[in-house]
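Now, the feature entries from Swiss-Prot:
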SIGNAL    1-26  signal peptide
CARBOHYD  Asn280  N-linked glycosylation site
ACT_SITE  Asp292  active site, proton donor
ACT_SITE  His315  active site
CARBOHYD  Asn421  N-linked glycosylation site
Amino acid sequence: MALKTQLLWSFVVVFVVSFSTTSCSGSSFQEVNALHSYVDHVDDKESGYNSRAYPSYTDTIEGLKVMELIRPRTQLFSSRKLNTITGGIATSSAPAKTISVDDFGAKGNGADDTQAFVKAWKAACSSSGAMVLVVPQKNYLVRPIEFSGPCKSQLTLQIYGTIEASEDRSIYKDIDHWLIFDNVQNLLVVGPGTINGNGNIWWKNSCKIKPQPPCGTYAPTAVTFNRCNNLVVKNLNIQDAQQIHVIFQNCINVQASCLTVTAPEDSPNTDGIHVTNTQNITISSSVIGTGDDCISIVSGSQRVQATDITCGPGHGISIGSLGEDGSEDHVSGVFVNGAKLSGTSNGLRIKTWKGGSGSATNIVFQNVQMNDVTNPIIIDQNYCDHKTKDCKQQKSAVQVKNVLYQNIRGTSASGDAITLNCSQSVPCQGIVLQSVQLQNGRAECNNVQPAYKGVVSPRC
């Protein structure tokens, strides 16, 4: 029994360090090879620690094949790969044709270049074969643009210069995005250029800064990728978003790497990377410092991998919020491996609303260093914004199950190191802390009995 338990946990360690890393100067496409089949041979009846009320991670792993669920299955894109020298596209067919936004009238001199970008996109998207649309090394001012597909071409958007948002809030009206790529398959967006949302005018008028009417005006997201499958976004600077910097929504097979995402610490709601209803996504080798979550993962997202992430300032790496207004939300297969968080308000957070339903399951946080983080490890199944919601009568909750924290180090800035605030009606299950050492803080656990492995400090 002890041997099988030891082998299982050895497998977990092998699994979580076996992911390939992304080189910011090389290919983004690397097939992940994990020894996921081993778990099929483990008998959960001999898995060691057991609690009827709070099943352990090793109890619940069998049958669910949790590591297989977590494993991102990012596929090699058909007949395409990143050129390791130029960062461009190499195909087995004829060389890609290159066009520039300047060919369609863009000036890059402070004038409105929106129509030139629209015309250039239509030309590139409607062409056959491989196309590279270049944004030269100038500053281009553009209004909201929808880059729509499907495209006939295998399309690369190569940004050398800076794309800047207009500061005129009136042009957005009811538009909740600035740049949106919709239904574009096999798209590659690469730098080394910059996307600048010029968000200061929006921040000054947000409800958090100016609560008086008309503060309810919804600020747009800087860059949205919607229904984009087999997507690569690499080597870009994205800064000062009006609200969220980058959203991946309704996408399958995404590689986002070597991104620098920045905004002032006091800029409201400026999440770095937001993942919603997206499957098989890898975020790697990126530096994120904003006024909200560095990475937020919400409902419908599965097999999400984040590796080599530097986070701060901001609100940390967050799963949720889930279950707002009684909704049913699901997130599964999240793997965070190799993160450094400094001065953030939260570190590794799972947040669900009282009264919601659904699940957040099969989650691994591995190899994380946190320095002066206010809430380094936090699960909150009882979240409620009492200013706008009445949650007193709510009994249901989003299930939080099968969560592993492994090799976590750092310091708390608040006196709180580990907070597991689980629901009384739907308590957390399968919470495991292994080799966790957080200084300057205490641990508090409600409605959960975590399993400890190795040196864990503090403990509940």
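Glycine is treated like the rest: Cβ placed from N, Cα and C.
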DSSP output for Asn280 (N-linked glycosylation site) maps to strand
Provide, as an integer number of angstrom, the distance between the C-alpha atoms of Asn421 (N-linked glycosylation site) and Asn280 (N-linked glycosylation site).
29
By the count of other Cβ atoms within 10 Å, pick out the sparsest of the recorded positions Asp292, Asn421.
Asn421
In sequence order, which same-chain residues at least six apart have a C-beta under 8 angstroms from the residue listed as 'active site'?
Asp292, Asp293, Cys294, Thr344, Ser345, Asn346, Arg349
Taking the Cβ of Asn280 (N-linked glycosylation site) as the centre, how many other Cβ atoms fall within a 10 Å radius?
22
